[in-house]
Amino acid sequence: MVDWEKVNSVWSAVESDLTAIGQNILLRLFEQYPESQNHFPKFKNKSLGELKDTADIKAQADTVLSALGNIVKKKGSHSQPVKALAATHITTHKIPPHYFTKITTIAVDVLSEMYPSEMNAQVQAAFSGAFKIICSDIEKEYKAANFQG
């Protein structure tokens with residue numbers, strides 16, 4: 001059982017620095033999985049150094065973390081925002097579902113580095129559990145849509 005309260009207690013701190021945290025997460029994603037950059041047309045063929053402080057990466061960071069925050073705040077009752085997120089990523093962005101697992105795993109790592117006192121082992125486990133459920137629910141939407149990407 002996921003402790004959504006623990007997740008949301010840290011998420012409130014995340015919201016005060018959404019852009020910087022999102023930038024760190026996206027840049028780490030691109031560093032660890034360079035092929036992921038190809039799914040972002042504005043970021044294709046650019047070095048991490050070129051992307052670091054651009055308006056485009058900041059805007060994408062806000063978009064990604066705002067969407068994730070909207071889901072997290074639902075405390076498990078997230079079917080509508082998950083369906084909406086999956087729909088755009090299936091039809092418009094065509095991003096394979098395994099990238100959700102990759103980015104949420106990176107998010108736990110980045111949050112643990114940025115908030116070491118708040119992100120103790122129990123809170124990390126709560127985040128990992130929450131993200132696992134969210135990613136599983138997103139994957140169900142992909143399967144229902146018969147995604148071939």
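Note that Cβ sites are derived from N, Cα and C of the backbone, with glycine treated the same way.
Pulled from Swiss-Prot, these are the features on record:
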DOMAIN    2-143  domain 'Globin'
MOD_RES   Val2  N-acetylvaline
BINDING   His89  heme b binding site
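Residue counts for the domain 'Globin' (2-143) under DSSP, split into helix (H, G, I), strand (E, B) and coil, are 113 helix, 0 strand, 29 coil. Each residue contributes its Cα atom, and for the residue listed as 'heme b binding site' and the residue listed as 'N-acetylvaline' those atoms are 25 Å apart.
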